[in-house]
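This report concerns only the one structure given below.
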Amino acid sequence: MRYITAGESHGPQLTVILEGVPAGLTLTAEHINKELLRRQKGHGRGRRMQIETDTVEIVSGVRHGMTLGSPITLIVKNDDFKHWTKVMGAEPISEKESKDMKRTITKPRPGHADLNGAIKYGHRDIRNVLERSSARETTVRVAAGAVAKQILSELGVEIAGHVLEIGGVKAKHISNLSIEEIQTITENSPVRCLDKEVEQEMMNAIDNAKSSGDSIGGIVEVIAEGMPIGVGSYVHYDRKLDAKLAGAIMSINAFKGAEIGVGFEAARQPGSKVHDEILWDEEKGYTRRTNNAGGLEGGMTTGMPIIVRGVMKPIPTLYKPLASVDIDTKEAFQASIERSDSCAVPAAGVVAESVVAWELADALVEQFGKDRMELLKQNIMQHNNYAKEF
């Protein structure tokens with residue numbers, strides 16, 4: 001499967017086209033809108049989320065609530081476009097039009113794609129860069145992830161995410177929770193955290209950053225249960241599932257690190273404490289005593305829960321802007337200010353769930369059958385029986 005997104009932050013709409021989704025998948029706008037609403041929530045979101053009411057329109061690939069196997073097109077309208085129709089219009093603008101009308105930006109923001117993107121594509125107006133590099137694009141990536149989650153759900157794979165850290169405030173490790181329990185707790189937390197004791201402390205950190213014109217980042221974790229053993233491959237570098245998951249996490253705006261299982265902690269421990277001992281019993285087949293590998297070894301699933309974490313840096317748009325240089329005059333200035341969040345870690349966790357879900361669903365479809373859900377389910381059932389008796 002693959003998808004491609006299109007659209008600008010303040011353009012008329014965002015679009016995603018999904019190719020390779022099997023026929024026979026139950027899919028409605030309601031499924032997708034639930035995920036879009038989750039992305040809009042979270043303590044620390046800015047005024048843009050008060051303007052937009054993200055809802056999806058399915059315009060191809062689905063008939064009467066069932067996928068057809070043909071490309072699926074999803075669109076999400078930008079409600080704020082009505083205030084930007086002249087600024088973001090597709091028609092040419094007369095030389096007489098003022099820079100104010102175009103809302104031209106010549107002062108790049110440190111930490112954003114602004115300067116590098118302007119140099120790469122030759123844009124003298126940085127708005128041409130920031131409109132596409134904006135995290136607003138993740139709206140339709142979450143829509144794509146909602147489709148992937150629906151595939152996973154029908155195949156018995158469940159996924160959940162939660163926030164581990166915000167602005168240096170760390171949640172305690174809470175184990176032995178089911179995916180359903182994680183989902184219930186996080187949906188009732190303003191910061192999507194499992195540790196109620198630090199929830200308010202995280203919110204205070206966000207509020208303090210906002211009041212001082214600053215921003216803060218954090219760490220999110222995604223867990224998926226129910227993946228069969230042996231999904232992915234050790235044969236080629238680009239078929240390793242852990243590599244695909246790490247790449248997916250790193251593709252999210254402002255994410256600067258990814259780890260799987262114990263991750264970087266593995267460098268500090270001896271092998272005897274890192275590697276997961278193999279067990280077998282008649283009921284479960286092969287399993288592991290521990291899950292330090294995060295459900296992945298040699299680029300393939302082990303049958304244990306998939307555990308992926310991502311590190312999000314503080315959002316670069318600051319209301320207390322850093323020093324920059326005007327690309328027209330080369331004079332030192334304070335960077336431009338665009339409407340933004342003070343902390344988007346809780347929302348980014350939803351995006352992380354979406355990209356992980358997509359990679360897992362893609363791997364299953366690729367390995368067990370591309371055309372229709374019925375065949376996919378049969379093949380996975382046969383594989384699970386085979387792996388158990390192996």
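Using N, Cα and C of the backbone, Cβ positions are placed for all residues, glycine too.
Note that the structure is predicted; figures quoted are calculated from it, not measured.
Database features, via Swiss-Prot:
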BINDING   ARG39, ARG45  NADP(+) binding site
BINDING   ARG132, SER133, SER134, ASN253, ALA254, GLY298, LYS313, PRO314, ILE315, PRO316, THR317, ARG339  FMN binding site
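When the neighbouring Cβ atoms lying within 10 Å are counted for each of the binding-site residues (ARG39, ARG132, LYS313), the highest count belongs to ARG39.
If you count neighbouring Cβ atoms within 10 Å for each of the binding-site residues ALA254, ILE315, the highest count belongs to ILE315.
Around the Cβ of THR317 (FMN binding site), a 10 Å sphere holds 21 further Cβ atoms from the protein chains shown.
With respect to their backbone Cα atoms, SER134 (FMN binding site) and ARG39 (NADP(+) binding site) stand 15 Å from each other. Calculated from their C-alpha atoms, the gap between THR317 (FMN binding site) and ARG39 (NADP(+) binding site) amounts to 19 Å. Mapped onto three states, the DSSP output places ILE315 (FMN binding site) in coil.
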